Amino acid sequence: MKLEKGWTWLLLLLLSTLAVAAVAAHEKQSEADVSDVVVDDDDDDMGLDEEELKVLMAEDESEQVKETHSKSTASEKDTDSNVSFQVTYKTPVPTGDVYFAETFDDGSLDRWQLSKTVKEDADGDIAKYDGKWAVEQLKENKVPGDQGLVLKSRAKHHAISAMLDKPFVFKDEPLVIQYEVNFQDGIDCGGAYIKLLSDTGSLNLEQFHDRTPYTIMFGPDKCGEDYKLHFIFRHKNPLNRDMEEKHAKRADVDLKKFYTDKKTHLYTLLLNPDNSYELFIDQSSVSRGNLLEDMVPPVNPPKEIDDPNDSKPDDWDERAKIPDPEAVKPDDWDEDAPAKIEDPDALKPEGWLDDESEFVPDPNAEKPEDWDEEMDGEWEAPQIPNPACETAPGCGVWKRPMINNPQYKGKWKAPLVDNPNYQGVWKPRKILNPDYFEDLQPFRMTPFKALGLELWSMTSDIYFDNFIITSHKEVADRWASDSWGLKKLVASANEPGIFAQLMMAAEERPWLWVIYILTVGLPVGLLVLFCWPKKSDDDYVYKKVDPPKADVEEEEEEEEEEEEDKGAEATEAAPAAEEAEEDAEAGGDNVEGDDEEEEEEEEEEEEEGEEESKAPGRTLEDEVGVICSTGGNDKKLTAVQSGNFKSLTYFLSIYHQKRIK
């Protein structure tokens with residue numbers, strides 16, 4: 001029973017673990033410590049100069065002072081009613097050299113320019129970039145004091161841009177682009193990507209549209225069930241100076257949850273001078289590659305191409321197998337034999353009604369009153385199954401069932417053999433590519449000097465925040481810890497309960513309901529099984545247990561002693577019988593004397609029996625049981641048992657004498 005309970009609890013633990021794992025698979029648990037999103041204090045690896053390090057240290061000291069002050073005055077501050085987890089927010093300040101940084105915390109769009117042009121190749125009603133923008137707080141998981149740029153219109157074109165503090169020139173420093181996106185109402189079809197507008201002499205932000213030259217496009221995009229994270233750069237052909245878009249390979253992870261969980265996510269692009277790149281979401285790598293190897297189409301064209309003027313010769317034989325020209329159809333091959341024939345062994349079932357049809361007109365049907373024979377034709381009653389066929393094996397003309405024809409072989413074809421004239425699959429010859437070039441430094445792209453968002457979306461309230469462009473990944477990480485890190489903490493604190501998470505997980509994975517039912521039903525079943533009232537003792541029928549049997553050797557000794565006792569009793573009984581006969585012949589002279597002697601003997605026996613009965617816990621049955629269990633061997637009796645052995649022997653002798661009489 002203990003083993004069965006152990007297995008039961010083990011199964012219950014396994015099911016509970018599966019349920020918890022389902023919730024964990026639905027959404028990762030956030031880190032419990034802020035240090036997971038904050039850059040370590042060891043700034044030696046950040047690649048910053050002394051002035052930047054001083055700024056960073058001063059920032060740390062000011063934050064510590066602010067945290068101490070916030071603890072002492074927390075009770076005096078007004079809190080947002082929609083925020084269940086309060087944090088102290090301070091507008092992040094870059095800790096190093098940056099090309100662009102925007103937080104929108106001042107509530108204005110002074111540095112941003114709305115597009116005043118129209119979209120090319122679009123209908124007049126929707127060609128205008130008239131989508132609305134606003135600076136607002138998040139709808140959910142608000143951080144007091146933090147604001148962002150919000151796309152407000154749906155089914156409209158939006159375009160807004162801002163100049164960088166200084167143009168970025170691709171030389172010997174990496175490029176880091178980072179910003180936050182929150183699809184507050186989910187996303188049906190639309191994007192949240194940014195464009196880094198190329199530094200051309202004719203760049204005019206008021207005329208920003210879909211054809212404005214850009215150097216890099218980066219960010220999330222979704223339409224239908226296609227979830228993408230774009231990284232596209234425009235490469236200049238060194239021969240003809242044409243620009244061609246190069247697309248990075250798709251991300252290595254499923255991106256769906258980043259579009260549907262209504263949380264703020266951090267998107268980061270790291271582009272290195274050695275042509276390597278890496279894409280991050282929430283500071284976790286989702287894709288990496290090389291500009292020379294992992295872009296589509298490739299940056300460099302092939303050295304050789306197929307000759308467009310080459311054509312396959314008319315006598316080129318590409319057949320690897322051909323019909324055997326020497327094969328002959330066998331004489332007994334009948335190509336006209338049918339595949340199916342009637343079963344010759346089939347017999348018509350008894351009771352088959354040949355004269356009855358399977359369907360008959362419904363005798364209860366009546367012609368509708370509005371039936372017009374001129375318009376509808378002659379009315380006929382609808383057909384119903386023939387009632388006479390219900391009890392019969394069948395009705396109508398009986399036909400033999402069809403079976404496979406054993407003589408059927410089909411159309412004869414010659415077997416295939418190797419083609420002696422096989423020349424292989426024809427391919428055009430290769431020639432040198434006249435457009436070939438080799439660019440080993442695709443990282444050196446066209447400089448850019450503005451950041452723009454040119455979007456179309458069927459969903460409104462897309463939230464953007466905390467744009468930063470720099471050459472130091474550490475600076476971007478610290479910027480994220482001071483901004484996105486706080487949003488992450490608030491969102492984690494406001495997570496729904498375990499029950500709500502289980503329901504959400506089951507909506508995406510219906511098979512989890514089976515685990516939930518087993519997890520809940522198994523404990524209930526165990527409670528019913530172990531806690532159900534037990535039957536009373538009256539409901540059970542106890543079986544009398546047989547007394548333990550003596551060993552075989554003891555039984556044999558007992559049988560031998562019994563035989564010896566019987567022989568002795570028979571020997572004693574013979575003289576007694578002779579004495580009785582002599583007394584009878586004497587004519588009964590001593591009858592009265594004998595009776596008196598017998599009465600005296602009986603009184604003595606009764607007195608001895610009373611004395612024996614006064615002994616505590618000792619009965620005749622006990623004495624007999626002791627003798628039986630010891631096989632009649634006096635040496636095996638204990639001192640207590642041997643005390644009554646003489647009286648017991650005497651009693652048995654008297655008992656046998658009475659039986660003889």
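Any Cβ shown, glycine's included, is placed from N, Cα and C.
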Scan Cys189, Cys389 and flag the one TrEMBL records as disulfide-linked to Cys223. Cys189
Cβ atoms other than its own within 10 Å of the Cβ of Cys223 (disulfide bond), all chains, total 13
Cys189 (disulfide bond) has how many other Cβ neighbours within 10 Å of its own Cβ? 14
